[in-house]
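Below is one structure, written out as structure tokens; the observations come after it.
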Amino acid sequence: MKRLGMLLVLVLCALLPARPTASAENVTLTALFMKQAAYSDADVRAMTAEFEKTHPGVKLSLEFVPYEALHDKIVASVAAGARGYDIVLFDVIWPAEFAENGVLLDLTNRIPKDVINAVWPGAWTTVLYQDRYYGLPWILDTKYLFYNKEMLSKAGFRTPPATWDELLRQARALKAKGVVSYPIVWSWSQAEAIVCDYTTLLAAFGGSFFEKGSPKFNTGGGQQALQYMVDSLNAGLSNPASRESLEEDVRRIFSAGQAAFALNWTYMYNMANDPKESRVAGKVGVVPSPGDAMHSKVSAVNGSMALGVMRTSKNPELAFQYAQALTSQAVQERYAKLSLPIWKASYSNPVVIKGQEALITAARQGLAAMYPRPLLVRYQEFSTILQTYLQKALLRQLSPKAALDAVANEAVQKRLK
Amino acid sequence: MRRQDAVAWWLIFPALLVAGGVAAYPLVRTLYLSFFDAPLISFARSPQWIGIGNYLQALQYPAFQDGVRHTLYFTALSVGAELVLGVLTALLLNQQFAGRAALRTLLILPLAIPTVVNAAMWRWIYNPEYGALNALLTQLHVITGYRSWLGEEGLAMHMVILADVWKNYALVTLIVLAALQTVNRDLYEAAAVEGAGAWRGFWSITLPAIRPALLVVTVLRTVEAMKVFDIIYVMTRGGPADSTKTLSFYVYQEAFAFLRLGSGAAYAFLTVMLIALFVGLYIRLIRAEAATG
């Protein structure tokens, strides 16, 4: 009834008349961000304060929600009509949906050519839909393989694994020698996180999601990816707690010294090396996610996020300027210890590199190999089905092949392509 | 008499207006919407009338049927456990003993915690790596290794139910405790003189006395449990493998994740109808009770 109530309130809100625009001298923009460790609330507020200083008369009202609520919050605000957000943070998987439904403003004509050339092409894929730009990339991110150097050397390994098979071999040795009971931890909870891990593996094994509108993930590399997940779990090499873990759980388990390997986003590197946050500080190594002897040297999923201007914004120009300020090279380089810049030039700036050389080396390879999740207008629906069936395979209700076939069938039936 | 009627109508008019605005209108509007293929955010598309299409689609959707099953299971188990626990604690707190007042006050505590906070708290307790439950059970040698309480199918639903019962059984206790105050203690003495034990006393004196209160609280808790959402959203987001996805979760998902307001409304209405079915049943029971009592 509470949900129903919310639905109804929204319907009611949609019927209320719009308020008049604020005067130009005294403008308040509202922005929606997510609660996260990289670019924390305090960081974003500090960046915003700088913008407000250089733009007298402009005030920003900021809101922070968990990633899991970000999408629904954005669409609900559109449905509620009138006074929604001016700027929103959005994920790489939503531009198709947001563009088709008129949520975001097309910014193609506002973005200067030299900016396009100065930013990594992989970052731009975050905002592109049908050759139009729907935002400015902000958080350039992919999943890396983190490893505990001390544990690896205890088991006699000098280098981290370069392929996923080698990772299993090392994990088996670590378990056999009693160094750690569950060597690998993942974020396989029923959420977008599991799709990111699956995509990384799919890319490594040379798979693809759709080809010419037909599902392909239930064959070849896609099938191999899920088989790998299930096998590592059944062999006791992946922590069974992975099935209920999100990225923060992964970070905590790894930082507590209860895993030798973890797949996670950039932000974990400096946090796992921070003695206040971690018991394994100083022992954390990072490399690109492994590849596969047959198909790839490294693997990566595009997990970037961008700032977009809402189509309903009464001050699109100011909103765009704010997004430009936050994504500017100067600001990004100052906060590079939390999140790596989108700018190519930053990667040879000594200030950015210092203290995180390993991460930068991994990023150069990983960011270049970023593989996209399918670009679908109804991506949310596809992902929900995929999450459910990936978990059915992990819980041994279905074989990997049967689970992925079921997803493919539903995708075809529901015309999710 | 007629003038009095007119005044009465004027007096309840504001209340009627509010009730109509916040309950009746949205309800009718939702019903209306449920017959449309209506997008939550419409850009190029306007709502299309599709009759009972949304309802047919929902009823034929296997995942939604699973949702009905999960909801009924959640409701039966959590309300059942809350009733048993609630009555037992009420009986205990109805006895005279030192510290009773303090215990009665403590009872309010779970009720005062917001559901979302309760859910987050239990998620920490169940945490597979550093949760209190694993620590407690391994130290007591009940389990040998740490378990992933919310990561195993079957187990996850029961753990969510436990968290829900902890929060809500106190409501049953409070209402039953109030009903117990009205029981004449002489009845027990008379029963004891007649040779009836505690067990007989409970069935013949206590239970009949608290039955109306029990029925009311059962209705309340059933309605609440059938529309369960927040505790599941926070603890499992419907996982693992959809095993804790309930009806409200599907309503939310259709409307806000998949942007299909029309079918979201249909899902919501199906939920309401299911709840109405139970409420109707209870009301019949209450009426029968009143007739015999």
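Using the three backbone atoms N, Cα and C, a Cβ is placed for every residue, glycine included.
Summarising the annotation, TrEMBL assigns domain 'ABC transmembrane type-1' to B:68-282.
Here the transmembrane segment (B:72-93) has long-range neighbours at 100, 103-104, 107, 157-158, 160-161, 164-165, 168-177, 180, 202, 206, 210, 214, 217-218, 221-222, 225-226, 228, 246, meaning same-chain residues at least 6 beyond its ends whose C-beta is under 8 angstroms from one of its own. Under the heading transmembrane segment, TrEMBL lists B:72-93 (among others).
Below 8 angstroms of C-beta separation, residues 89, 93, 131-133, 150, 159, 162-163, 166-171, 173-174, 230-235 of the same chain, each at least six residues beyond the ends of the transmembrane segment (B:105-125), sit close to that stretch. The transmembrane segment annotation in TrEMBL covers B:105-125 (among others).
Residues or ranges marked as transmembrane segment in TrEMBL: B:155-180 (among others).
The list of residues near the transmembrane segment (B:201-220) in space but at least 6 beyond its ends in sequence, with Cβ under 8 angstroms from a Cβ of it, reads 79, 83, 86-87, 90-91, 171-172, 175-176, 178-180, 182-183, 187-188, 191-192, 278-279, 282-283, 285-286, 289-290, 293. Summarising the annotation, TrEMBL assigns transmembrane segment to B:201-220 (among others).
According to TrEMBL, the transmembrane segment annotation covers B:264-283 (among others). Tertiary neighbourhood of the transmembrane segment (B:264-283): same-chain residues 30-31, 33-34, 38, 40, 54-55, 57-59, 64, 68, 71, 215, 218-219, 222-223, 226-227, 247-248, 250-252, 254-256, selected by CB-CB distance under 8 Å and a gap of 6+ residues from either end.
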